[in-house]
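Chemist: Pasting the feature list from TrEMBL:
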BINDING   Asp72  L-glutamine binding site
BINDING   Leu208, Val256, Ser330, Gly331  ATP binding site
COMPBIAS  529-539  compositional bias 'Basic and acidic residues'
DOMAIN    1-161  domain 'Glutamine amidotransferase type-2'
Amino acid sequence: IRHRGPDWSGCHVSKNNIFCHERLAIVGVESGAQPLVSEDGNLVLCVNGEIYNHKHLRNQLKKPHQFKTTSDCEVIMHMYDEMGTDLVKHLDGMFSFVLLDVKRNRVIAARDPIGITTLYYGWNSKMPETTYFASELKALNEECDKILAFPPGHVYDSETGETTRWFNPTWWDENKVPSNPVDYKVLREALEKAVRKRLMAEVPYGVLLSGGLDSSLIASIATREAEKISSGQVDNDDNFDESGPKYWPGVHSFSVGLPGSPDLIAAREVAKYLKTIHHEYTFTIQEALDAVSDVIYHLETYDVTTIRASTPMYLLSRKIKAMGVKMVLSGEGADEVFGGYLYFHQAPDKASFHSECVQRVKNLHTADCLRANKSTMAWGLEARVPFLDKEFLEVAMNIEPEEKRPNKSIGRMEKYIIRKAFDTSDDPTAKPYLPESILWRQKEQFSDGVGYSWIDSLKAVSENKVSDDELAQAGSRWSKDVPDTKEAYMYRVMFEQWFPQPACTASVVRWIPRGDWGCSSDPSGRAQKAHEQAYETKK
């Protein structure tokens, strides 16, 4: 998995434990090599991710601790020393980590609440007492005959052998329908704070900009916050490390698409408005088709919509990394939080709408988070996702679902409340966050927005590669997730070429719209009834 951490490699052996780490240096660049080992040698730590409140956590420690690095992750070791596994409840960030307590020969492992970072664990039936952990499946598939995705918001303890949930937010029960009215100011400020805390970096950073609502909002907030921080307009927040704009003033934005695609045109408009340093990349259909097999190797899935959307992101990430950029902000999560996918128009009632939102957020680690993490980390680029901030989710997931739900009869389009929260049209003195044409632009799935011919080409290629007979016999070849289209069949074959071991399919989950709502099973937004349904939006 050296592609994830090309900057340095580390290995530490203690008793019957082996810890290896491939480092991508973003914070504590000069001193944060891993595995981290405590001053007395008793604690060993491997972490993938970012702890945004590490400064605050350092200040809250009760004992005097000797910090060996300026890394945001080292505080995890010292927190464990004071509070054991309860430390995870205090972390604000995205993370997967494994920690060894040498004296007790105890290993604990944990993953962030939503699963923004990837983590797997596995076992070999010939050595049942041995547990393996890795950021990607490909590090385990030749060693283990059982491999599972480590569940988000959980912690593993070798002393009990159990993996237990530590993340229990107020919105977790999908059957509990919230009744809080939307407070646009609170919603807006929660997202602004989520973006601001993610500007922690000692390396060049930027924003992914598709020209859709979600990425454009993140880009708009990032440029505003970066300007405030770099010009000294805001006081230093002891809780967070907002170092990025101080090191690297000026926000770079990146977009990708086929020539003339909807996303490129929209992103150009947004970048011009925000005055970002904009970088636009185009790809050919052939370049993308040639990359699909490699994309499946990095994603470790055969899910159709994830592969469609990841391929352009994978190509763009390579270009971004070639510029020396190591971190980008991205807009994943908004569609799940606010019911933004066009099939949500078909929700029969507010309870069903809310339940689907909660379930989609819970399963983000199998789809959009997996895509955002692995298609960028394939090139040693880190993606951060403000919409999945813990505090922001507490606000957004507790809003009365009728306020979120699209309603054509009253002119309410998808994601209305987040659009409205950043609509300044009723205040002539306020500087608009975005042009109106972008703020109120209809949802495009990323795989559609990069150019409609991309998906059409994938379908055409699969028609030539997979025969009618092969598709008809798919059920006899596979018992799990039997492909029902030639495109899905083509991806399954490619996946099997990289990962022939049966254990490798256990972590794969397919992303499919709700068939019981009368939705097309094709995940493309174009396949849903709401696409291009024009109606006057009442703001």
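Each Cβ is built from the backbone N, Cα and C atoms, and glycine gets one as well.
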Chemist: Any idea what the model's mean pLDDT is for the domain 'Glutamine amidotransferase type-2' (1-161)?
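Modeler: That stretch averages a pLDDT of 96.
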Chemist: If we check Cα distances from Asp72 (L-glutamine binding site), which of the binding-site residues Leu208, Val256, Ser330, Gly331 wins as closest?
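Modeler: Ranked by Cα distance from Asp72 (L-glutamine binding site), first place goes to Ser330.
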Chemist: Around Ser330 (ATP binding site), how many other CB atoms lie within 10 A of its CB?
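Modeler: There are 26 of them.
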Chemist: Using all protein chains in view, find how many other C-beta atoms are within 10 Å of the C-beta of Gly331 (ATP binding site).
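Modeler: Looking across every protein chain shown, the total is 25.
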Chemist: May I ask which residues of the same chain, at least 6 positions away in sequence, place their Cβ under 8 angstroms from the Cβ of Val256 (ATP binding site)?
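Modeler: Correct list: Asp263, Leu264, Glu280, Tyr281, Thr282, Phe283, Pro312, Met313, Leu315, Leu316, Lys319, Val450.
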Chemist: Including all protein chains shown, what's the count of other C-beta atoms within 10 A of the C-beta of Asp72 (L-glutamine binding site)?
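Modeler: Other Cβ atoms found within 10 Å: 25.
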Chemist: Measure between the Cα atoms of every pair in Leu208, Val256, Ser330, Gly331, the residues the record assigns to ATP, and report the largest value in Å, rounded to a whole number.
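Modeler: So the maximum pairwise Cα distance among the ATP binders is 15 Å.
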Chemist: Please list, in sequence order, the residues in the chain of Leu208 (ATP binding site) that are at least six apart in sequence and whose C-beta is under 8 Å away from its C-beta.
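Modeler: Leu208 (ATP binding site) has long-range Cβ partners Ser215, Ser253, Phe254, Ser255, Met313, Leu316, Val328, Leu329, Ser330, Gly331, Ala383.
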